[in-house]
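Per Swiss-Prot, the feature active site, nucleophile maps to Ser106. As annotated by Swiss-Prot, active site applies to His131, with the evidence given as sequence analysis.
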Amino acid sequence: MRDPVETYMNLVPMVVEQTNRGERAYDIFSRLLKERIIFVTGPVEDGMATLIVAQLLFLEAENPKKEIAMYINSPGGVVTSGLAIYDTMQFIRPAVSTLCTGQAASMGSLLLCAGHKDMRFSLPNSRIMVHQPSGGFQGQATDIMLHAQEILSLKKRLNEIYVKHTGQSYKAIEDALERDKFLTAEAAAEFGLIDKVIDKRPEDPAPMAK
């Protein structure tokens, strides 16, 4: 049975452009990166986070004043990997707009709400889910206790990030994240995870990147 990732990569379209030096071919994602569009797709893990961070840093170096658009369709994943992307979004100079296409769950929802104020969007049929971090451990009792303390510390830090970007109280965030909380795009806007639900690209495309 073929690797589904390999099959997927073989299906990525190529775009051919005419230049003064002849034809140049790009895969579709590289071509969209030229337009300052980044895709956060699939589970959040170290390899994926490294690629996203590299793209953010590259686009900052290319033009530190021009917005970057981040399209998110992710079920979430590793907390530390997601925080690497989050910290880089806050670190770089360009404003980063975020748009949920499909789903933004767990760390995906944190990245969605971490976009620049008034530049956080969702398509109307997307789903957003927030919850507290989870983990399973085995070993000596002392080690299990240390891991539990680290999970609680991460939970507190994630809650603080949601408070910062949603405007909700710490108690409201703590209650919302106690269990899996699924939100429609409209409910996510009311909660402060996004700024607006959009079904058409704005006439002024600047906040979404051209």
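Cβ coordinates are placed from backbone N, Cα and C, and glycine is handled just like the others.
Walk me through the surroundings of each of these features.
Under a cutoff of 8 A between CB atoms, and with a sequence separation of 6+ in the same chain, the neighbours of Ser106 (active site, nucleophile) are Val44, Pro75, Gly76, Gly77, Gly82, Met129, Val130, His131.
DSSP assigns His131 (active site) to coil, not to a helix or a strand.
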